[in-house]
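K.L.:
Below you'll find the structure I mean.
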Amino acid sequence: MSVLSPSAMPSPATCLIRRPSMTSSSSTPSPADGPRLRIALLLSGGVDSSLALRLLKAAGHEVTAFYLQIWFQEDFRNYWDACPWEEDFAICQQVCEQAGVQLHTVPLTEQYWQRVVSHCLAEIKAGRTPNPDMLCNSRVKFGAFYEYLEQQHGAGFDRIASGHYARIIRDPQNPSAPVELALTPDPIKDQTYFLAHLTQQQLSRTIFPLGPLTKGEVRRWAAALQLPNQARRDSQGICFLGKVRFSEFVREHLGTWPGAIVEEETGELLGHHEGFWFYTLGQRKGIYLSGGPWFVSRKDPDANVVYVSRNYYDEDRRRDSFVCGGFNWIALERMDPARPLFCKVRHGPNMYRCTMEELPGGEARVVLEGNDQGLAAGQFACFYQDGVCLGSAVILQGQCCDDRGS
């Protein structure tokens, strides 16, 4: 199948090449609207990045695809018969052959281990709840990969692109102005939460072609373009684990540490576990106790005790505030104290209206207009105003609290 020209794209493509007064780089400009860009596209084998490739090509840009190899299959020889990335890479090859685009493989396993996995294992062992996918974006996909491009290709590329659902807002009248990370029309698929740890420098050299689209539109376009992976299911779980279950990965690297499972309300010993790090706050599945359902209500890493409750959603344990630190502000100068501030504490469509009080030491106390049962140390909290992601911070250990002072 030949590469489609902009005029041959499905009719919604016009939304990708318009330039309003304050435009989104998700609106992939055609050469008629601006320069022909040299773009390094992160291709995963999924339908999202594959469509991003085709949209950029259709807009007239010079696109080269890169597949990042970050698997740890040598740790899990007994869990599969074939290398887990071979299917993904084969699909990438088909997509690039169809589009007439070069494909390169970039081995970043060592960088991924050093910058993401080792950190996450240390956090898990300390009883916190890290977000590997968030760190993958800031430290590998838009970190180590950019370093690779500079080392191997010099100034060969103008932008990095990916299939993330997010928008980058630029001011065409002032190219040096800070860019903004903005929400997309699809609140369920929106991935600004996972990108909120990127710096201004990283975002300024990035474009997200799928920004104006919903997942349904992506699927329809993929079918219209006859992409080889048009019907492929979305990937689930942590990106570096592939087909390996999270518990298997943790067991491989942290081992086991038998401990007690205790009922929160009574202190009664209900059973035993193989290590508190196999459990997350709010977890229901995998708690093999009679008389349930049981939920993980809290963990004591020092004593290696997992506390469970049948009444996990009891009002007495709901939290409406937390203290966070380690801020990464993308567009701090854009925050307006007079306008509503919103917060996400996990990926998904749900946000809380909130207030923020500055504390000493670069920390802040965030009060939610609502209660959340799943606040956990190590999670990221991301902040929004007027549909723009202002940045992110890490929820600190032992600082989740509510108005009752618990």
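Backbone N, Cα and C atoms are what each Cβ position is placed from, and that goes for glycine too.
TrEMBL feature annotations, pasted as is:
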COMPBIAS  20-31  compositional bias 'Low complexity'
DOMAIN    248-310  domain 'tRNA-specific 2-thiouridylase MnmA-like central'
DOMAIN    320-395  domain 'tRNA-specific 2-thiouridylase MnmA-like C-terminal'
REGION    1-32  region 'Disordered'
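Provide an account of the burial state, proximal residues and distances for the features listed.
P.N.:
Look at the domain 'tRNA-specific 2-thiouridylase MnmA-like central' (248-310): DSSP puts its residues at 10 helix, 21 strand, 32 coil.
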K.L.:
Take the domain 'tRNA-specific 2-thiouridylase MnmA-like C-terminal' (320-395) and average the pLDDT across it for me.
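P.N.:
A mean pLDDT of 92 is what the model gives the domain 'tRNA-specific 2-thiouridylase MnmA-like C-terminal' (320-395).
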K.L.:
On the DSSP side of things, how many residues of the domain 'tRNA-specific 2-thiouridylase MnmA-like C-terminal' (320-395) fall into helix, strand and coil, could you say?
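P.N.:
Output for the domain 'tRNA-specific 2-thiouridylase MnmA-like C-terminal' (320-395) reads 6 helix, 46 strand, 24 coil.
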